[in-house]
Amino acid sequence: MPHHRYRPVHDRVAVPLTERDWPSRRIERAPLWVPVDLRDGNQALAEPMDTARKRRMFDLLVAMGFKEIEVGYPSASQTDFDFVRHLADSGAVPDDVTVSVFTAARRDLIDRTVASIEGLPRTLVHLYTATAPTWRDVVLGRSRSEVHALILEAATHLLRRAEERPGADIRFEFSPEVFNLTEPDFVLDVCNSVTELWDACASRPVVHNLPATVEVATPNVYADQIAYMDAHLARREAVILSVHPHNDRGTGVACAELALLAGAQRVEGCLFGNGERTGNVDLVTLALNLYTQGVNPMIDFSDIDAVREVVEHCTRLPLHPRHPYGGELVHTAFSGTHQDAIAKGMAHHAKQAADRGLDVADAPWAVPYLPIDPGDVGRTYEEVIRINSQSGKGGIAHLLRTQHGLDLPRTMRPDFSRTVQQVSDSSGRELSHKDLWELFRTTYLSPAEDGPVRLVSWNTTETAPGEHRFTCVLHVDEEERHCQGSGNGPLAALADALGTVGIPVDILHYAEHATTTGPGSHAVSYAECRVRDVTCWGAGWDTSLLAASVHSVMAAVNRAAMS
Ligand SMILES: CC(=O)SCCNC(=O)CCNC(=O)[C@H](O)C(C)(C)COP(=O)(O)OP(=O)(O)OC[C@H]1O[C@@H](n2cnc3c(N)ncnc32)[C@H](O)[C@@H]1OP(=O)(O)O
Ligand SMILES: CC(C)C(=O)C(=O)O
């Protein structure tokens, strides 16, 4: 591959920054988020959104708590123009939300843009022109000074148009498109002259939005560029320093985060990172990254699947199952050691919460492998652990416990895990918790009734304190046998009775518990028995604890007989 055709970014833009303190700062509060899904995201769609889809997206963004929303490029198409008119006419814009509209630096486009916002209560008109050398030379065919003049001419025209609307609350934003490939002294000069022209002040600030239109460098380079602008922009208190990273190198989120450290106050991006080429920076990831640091993102993600559903509908693009925070599989572990750690972590979390008298949803979160509590974004715990051939005993035990109330004895878990693995290995597919229950039932419960040794009838009595008798009719070797045994408990007496028909049984381990609380709850028993030289686990499930225990021994005996 001819890598010599490409030039490092350092040869193209040099940031005159010698000292930097941004790497040691922290992001301690949310920036002003500005979703551009309805403009930049929309212009990347094969089928742009119609009014109905745009409205659905707009309502979602409002419901999530965004306070400034870019709604379109009204001079680009009738659809975009009509949508802005729809917002103006329908009164869909809440009092605390400002809509922004986008335009190139051309008189005809500016006029159409200003016409579109008639009647909207608050607007931000966003003017852009590319400033980087290649764009100046190749696209616009203008020198540095000519591009500067073009921008000031357009900014003046916009100002005049706005002044023709006294009383309308119109503010301005300027984007030097491809900021990140523009000479810092030039872009600074352009931005400062726009600030002056629009006479920005602290109570009526201008937004200077500095895009990484095409991401070309490591995020520290972009952060240096932002730090340089932060330090040198004139009337700094009258400027809202905004960033607009794209994701060509896959580091859009890192660019935005480092830019915030370097002084940015506002971030433009799209939900789940839709947008031109590899997308705009993903606002969901950015905001939830903050959330995981204990910072309020000021945006509501409590039902992330509802957000995803609307975005997928409006963009007609499916979300990757591994997409940060919103992907279907991002809270799910299939592999054994991760499942084990998560299961232990969840149990530990529940205990810590109980010890402190806190609700689990309020207790500090520290569960291995899960950077966020899935419950906080409206996900269920059911999907956290899923079983395939790479799963281990910890995950399987967790699912049986949480979904079916079965707390398998620790020594039984490897046994069931081997059975699960055989099935998942040979089928190559995932097993649901219902599949696990079914496998548990057929493996450990059914043999009590299906095996070669069956109890036709039985009863047990305590003949004296600590002395029990077990009387039964057994179906064994195709005939019914009446037998009796005694011992210090009902199970010992059952083992003794089995011995009388030539089935020597040692009960090695035994455990039991109720599966739920309250009347009608089932009990489950687990017994590990050695029959001659074969050792097997069995289980019993009944509303009677005694019946469950008897069945568990019979199941183990039958499994041994069949092995
Ligand atoms: C980074 C971004 O996201 S920028 C936004 C990109 N979004 C879009 O382009 C979507 C909407 N755009 C459109 O619908 C159309 O491009 C329109 C309606 C705006 C303009 O359409 P047209 O007049 O047909 O022009 P066309 O699409 O070919 O654009 C190229 C022209 O715009 C000029 N131009 C490009 N950017 C700008 C700018 N910011 N300011 C002024 N002129 C510009 C080019 O120099 C070129 O001019 P030329 O024809 O004299 O060489
Ligand atoms: C804000 C602008 C001009 C933009 O969409 C970009 O540079 O990507």
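Backbone N, Cα and C atoms are what each Cβ position is placed from, and that goes for glycine too.
No curator has checked TrEMBL annotations; they are predicted automatically.
TrEMBL has this to say about the protein:
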type	residues	note
BINDING	D40, H244, H246, N280	Mg(2+) binding site
DOMAIN	31-305	domain 'Pyruvate carboxyltransferase'
REGION	447-563	region 'Regulatory domain'
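Sequence features, as recorded in TrEMBL, placed on the structure.
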| residue | record | DSSP class |
| --- | --- | --- |
| D40 | Mg(2+) binding site | helix |
| H244 | Mg(2+) binding site | strand |
| N280 | Mg(2+) binding site | strand |
D40, H244, H246: which of these binding-site residues has the highest Cβ count within 10 Å of its own Cβ?
H244
Using the centroid of the Cβ atoms of D40, H244, H246, N280 as reference, list every other same-chain residue with Cβ within 8 Å of it (recorded Mg(2+) site), in sequence order.
V36, P211, T213, P245, G252, E268, G269, C270, G275, E276, G279, V281
Of the residues in the region 'Regulatory domain' (447-563), how many are helix, strand and coil by DSSP?
33 helix, 58 strand, 26 coil
To what whole number does the mean pLDDT across the domain 'Pyruvate carboxyltransferase' (31-305) round?
97
Counting across all protein chains present, how many other Cβ atoms fall within 10 Å of the Cβ of N280 (Mg(2+) binding site)?
30
